[in-house]
Amino acid sequence: MVAFHLKTTALALAFAAGMATQGMAAEPTLDLVGPLSEYKLYVAENTAQLVTDTEAFVAAIKAGDVEKAKSLFAPTRMSYERIEPIAELFSDLDGAIDARADDYEKAEADEAFTGFHRIEYALWVESSTDPVQGYADQLLTDVKALDARINELTFPPEVVVGGAAALMEEVAATKISGEEDRYSRTDLWDFDANFAGSEKIYDLLKPLIAEKDPAFVTKTDANFKAVDDVLAKYRKDGGYVSYVELTDADRTVLSTRVNTLAEDLSTLRGMLGLN
Amino acid sequence: MGQSDRDTGPSRRRVLIGLGAGVAGAFAQEAAADAPMVNDAPHGDAQTAAQSVPFHGPHQAGITTPRPAAGIMVAFDLAITGPEDLDRMLRLLTERAEFLTQGGPVPERDPRLPPADSGLLGPVVAPDNQTITVALGDALFERFDWLRPLKPAHLQRMVQFPNDALVAGQCHGDMTIQFCANLQDTNIHALRDIMKNLSEFLVIRWMQQGDVPPVPPAPDGSTPSARNFFGFRDGSANPDSNDAALMDRIVWVGAEEPAWARGGSYQAVRLIRNFVERWDRTPLGEQERDFGRRKMSGAPLDGGPHATERDVPDYARDPEGKITPLDAHIRLANPRRPETEKNLILRRAFNYSNGVTKNGQLDQGLLFICYQADLDAGFIAVQNRLNGEKMEEYLKPFGGGYFFALPGVAGPGDYLGSGLIAAARSL
Ligand code: HEM
């Protein structure tokens, strides 16, 4: 099937001419149309899920149910983390929804610190939903706005293709240390979502690169699998154990795989002829 | 920007200015254009940039080779599972190290792909005295059944000495790479190259950057030792690294080690903070007694007014320590008795400056590195003698570890640790 697909496309010609090697990029191709529209569907599903999950999460906060809200925190974030490269295109909303205390000079005490992590702080550190009633309302409004804006968006191909690596850069730069979900220690849920989001993009593009660069595909498949093998050790009850349980050795494995994936996936845009 | 760009910069400026000003004003304008501009790069030196240290040989470079002005010690954790991984990593590391130390053009790629090189040194990497010295840690040998039996006889995990305040994240590691070069940018370029090319194998555990201030030659033509952050000359009494027989005895491991390890050396690294504010408030006489040397000249205390740092102290004539206190740093570190000959080490330290502590004090100190043929008789014995020294009031060791610097790469086709891999495969 992959072979047939390639045979019928301009990209196949480019490949045949030996242009899509690591050293030389291919011309942009109409072939991206299929993967792009599939990715758009994937994102739409995730933002719809995000709205639904956030409604339940916010309802628990409005009801003052700290325990319920805690149990919904990590799963609710997953659909956001899977599509972060797209969500980040709207920096105002991304900041309001997902910024961390250290993005602000006054950290947790900063008025501008809102969204998931402000609520996380309330649930795990302040042990109360009282301080975040307003933030909860705002979160739901922001998430709905994000859903609406994304649905109207024409996805820039370079953002989608580059998103596979961008998600790995996120993990490498801000998550491997366990600083993302520092109050709840639910970082492994985020990892899972970031990897899933990256792998989704990679899987959609794989048919376009499989024939020309089988070594790339073998290596990248193996790296995603290595990540999954590590994460599998920490899965529990449909979710993940606390980040503090991650051993140093496993953190090293994750870190090397993340960096190698970032390194390799950073060539995807060029391989597919995108600037 | 390459050398050629820098060379054409001013002349291009001259041409442009000349065009604007007309012939009459051109001469004056030209003079102005030759005056240094705010953003002119500091003048580099093509000669030092071209200096290269041979990569092949029985020993790795960066141990007995002269210490250039800039160093970085980086400790890594390795994500390897078997000899095949280690083999692949060492081969790749050898390939990168050979290129980075010998220099050459970086490959060009299609601009739609990330460039193959960070570009920090321009299109042609100048060797700039770069050395890359690879050492393996106790942690690596201990982790694998297929490596443990091959561990060098004295390799062990660094343990806390009485004055230490070790920070877990700044200690130990599976492997270190010591980068040395004339310019720190050259080291940083090499580090980034290795991280980019070996990302699947390694993660940085800790690193420390340091410098040796360049020192002009003395009037007699000799090169004085550079000063550390206590303001004292550091390295005066170091064994002569040009004396091959001496190096064979005190630096390179020999027959008592596994065959694969011969030609290697034990590397002890210590990150030692200096409390410099307090030191600067200490009377000069006390500072000199603490070290056992004069601050300005570096001469031993028992020398006359014209003594130099190369003079050798005579402790036999001062058995009670009236001139050089018995607990002075140099007297404890090397009592210069026949039975302490076996404790000689080769020091290769860098000064570090890491900004400021929470208390508003300068975070400065010594990136202490030493090499020896026997870790127990070398660093460990010397440090045990130094325990309780006067200088401890001004020192706080907080990190480091013990590693084994691999034997050299014999020639093309060989690679770092090839003997270790062969031994592991035949276990
Ligand atoms: C921040 C810490 C340290 C500072 C500032 C320091 C400074 C000095 C200075 C100024 C000298 C005299 C000049 C010279 O021969 O180089 C010296 C000598 C020496 N130091 Fe240190 N040192 C430090 C740590 C250490 C450590 C940790 C060791 C080994 C355990 C050590 C071993 C030696 C030895 C063997 C000598 C030569 C003694 C001789 O042969 O006369 N030093 N050090």
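Cβ from N, Cα, C; glycine included.
Given the structure is predicted, the values throughout are model-derived calculations rather than measurements.
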Listed alongside B:Gly235, B:Ser236, B:Ala237, B:His329, B:Asn334, B:Pro335, B:Arg336 for heme b in TrEMBL, from B:Arg249, B:Arg347, is B:Arg347
When TrEMBL is consulted, the range among B:37-64, B:121-148, B:149-176, B:373-400 described as region 'Disordered' turns out to be B:37-64
Rounding to whole Å, the Cα atoms of B:Pro335 (heme b binding site) and B:Ala237 (protoporphyrin IX binding site) are apart by 12
For the binding-site residues listed (B:Gly235, B:Pro335), most other Cβ atoms within 10 Å of the Cβ sits at B:Gly235
Here the binding-site residues are B:Gly235, B:Ser236, B:Ala237, B:Arg293, and the Cα closest to that of B:Arg336 (heme b binding site) is found at B:Ala237
Filtered by Cβ distance under 6 Å to ligand 1, the binding-site residues B:Ser236, B:Pro335, B:Arg336 reduce to B:Ser236
The answer, for which of the binding-site residues B:Arg293, B:His329, B:Arg347 has its Cβ ringed by the most other Cβ atoms inside 10 Å, is B:Arg293
Around the Cβ of B:Asn334 (heme b binding site), other Cβ atoms within 10 Å, all chains included, total 20
Here the binding-site residues are B:His329, B:Asn334, B:Arg347, and the Cα closest to that of B:Gly235 (protoporphyrin IX binding site) is found at B:Arg347
Simplified DSSP label at B:Ala237 (protoporphyrin IX binding site) comes out coil
Binding-site residues near B:Arg293 (protoporphyrin IX binding site): from B:His329, B:Asn334, B:Arg347, Cα within 10 Å gives B:His329
